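TrEMBL has this to say about the protein:
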- 12-34: transmembrane segment (TRANSMEM)
- 20-408: domain 'Major facilitator superfamily (MFS) profile' (DOMAIN)
- 54-74: transmembrane segment (TRANSMEM)
- 86-109: transmembrane segment (TRANSMEM)
- 115-133: transmembrane segment (TRANSMEM)
- 145-169: transmembrane segment (TRANSMEM)
- 175-194: transmembrane segment (TRANSMEM)
- 224-248: transmembrane segment (TRANSMEM)
- 260-278: transmembrane segment (TRANSMEM)
- 290-312: transmembrane segment (TRANSMEM)
- 318-345: transmembrane segment (TRANSMEM)
- 357-377: transmembrane segment (TRANSMEM)
- 383-404: transmembrane segment (TRANSMEM)
Amino acid sequence: MTSTPSPTPPPTAGTVPATTLVALALTGAIGPFATDTYLPALPLVVDEFGVTASTAQLTLTAFMVSLALGQLVIGPLSDRTGRRALLLAGAIGTALAAVVCALAPSIWVLLAGRVAQGFFGAAGVVLAKAVVVDVGRGAGVAKAFATLMAIQSVAPVLAPLVGGAVVPFGGWRGVFWLLAALAAVTAVGVAVAVPESLPAADRRPGGVRATVSGMRAVATRGAFAARVSVFVFTFGVLFAYISASPFIYQDMVGLSPTAYAIAFTVNALGILVSNLAGARLVGRFAPERLMGTGVAGMVVAIVFLVVVVALSPAGTLALAPVTVGFILLTLSIGTVLPNAVALAMQATRGNSGAGSALLGAAQFSLAALVSPLTGLAGPHSAVPMLAVMGTCAAVAVVAAWAVLSRPVRAT
């Protein structure tokens, strides 16, 4: 695949235009959005196709695995062919895959459609970060990532509400028709607002061997490995919360599905607020310092939640302290993620597509692993969630210490 001509000249290096950031954020968010909007529809899939809940949940697992593997293919490929054509192909492919899902006559066709949706959706996730690194420089990269993630963080805020609103009227198929329309809109956004960011002279020639070599070169950079570890394991903490939150709020706190959606939305606003604040603070404080502060806050939040669970009667939790703990957690995570990803991606120059692919694949692979672990003790226990959070946070702390003890600035 070769790059298509850009609609406008590439932007001046150092800053990422606002319209480009919005288009990239929407393209990168469509993949995760396809998960959160679909969750309320799972029981309907079980009923219509007459399958077990675990079989229906395969459509989630397959999507996540495909999203991770797709990044490993598309990211390095973009280092050879350019970004824009792959972004367009990904958005269009995501829309078509959603149509396949909406028309699926069986669970297996739906599963195939979800695999395709994950693979094509990976283009937006992996290439949005690569474009930012192509264009941005220095503190501008961290600011761009904070803005990018602030826009993308709206997806988990709105997705459960959107899914809950669509399902009563359009069923589970209506969710996929909506996703098809959104993907089509993002394709238009890419065509209009995202120029080619990787000039032909900067592309890496070669085939599979060169691709593997580029990924190996990035993976073995000490600065990249430490920074990615902070990002990935902080995301692991976040996904442990996301996976366990329906059981925490509905089975242990006793909220209705509607009240849970509201509580989830309120907590997700913590990420949005900290991302927006980070976009302003990154010009005054080093990304390493902001990242370290966020990791410390995350540890405090987890300790607070451990105390809340320890002091609560078995199998039950009170709404107020749990919500306070989760809001503190999301505020802290929203401070860590954009700064950690900016620092990691600055260590990938020359192989930004490969670096973004490794980061994204690790991120979603850990998410796929974390999700089932949080429910090991059943719907009335928060212990597995806290154990997963504590383990991931411990790794993030060690990695953050490695970053802070020897910060390596990329120009």
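Just so it is clear, glycine is given a Cβ too, placed from its N, Cα and C backbone atoms.
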In contact by Cβ distance (the transmembrane segment (175-194), the transmembrane segment (383-404); 3 or more pairs under 8 Å) = no
Quickly jot the same-chain residues contacting the transmembrane segment (54-74) by Cβ under 8 Å, restricted to those at least six beyond its ends, or write none.
-> 31, 34-35, 38-39, 42, 45-46, 86, 90, 107, 110-111, 114-123, 125-127, 215, 353, 356-358, 360-361, 363-365, 367-368, 371
At an 8 Å Cβ cut-off, counting only pairs 6 or more apart in sequence, do the transmembrane segment (115-133) and the transmembrane segment (12-34) clear the bar of 3 or more pairs?
-> yes
Going along the chain, which residues at least six beyond the ends of the transmembrane segment (12-34) come within the CB cut-off of under 8 Å?
-> 63, 67, 87, 90-91, 94, 98, 117-118, 121-125, 127-129, 131-132, 135-138, 140, 144, 147-149, 151-152, 154-156, 159, 179, 182-183, 185-186, 189-190, 192-195
Can you tell me which of 175-194, 224-248, 260-278 gets the most C-beta pairs within less than 8 Å of the transmembrane segment (86-109)?
-> 175-194
What parts of the chain pack near the transmembrane segment (145-169), using Cβ distances under 8 Å and only residues at least 6 beyond its ends?
-> 21-22, 24-26, 28-29, 32-33, 35-41, 44, 128-129, 132, 175, 178, 242, 257-258, 261, 264-265, 268-269, 271-272, 275-276, 278-279, 282, 334, 337-339, 341-342, 345
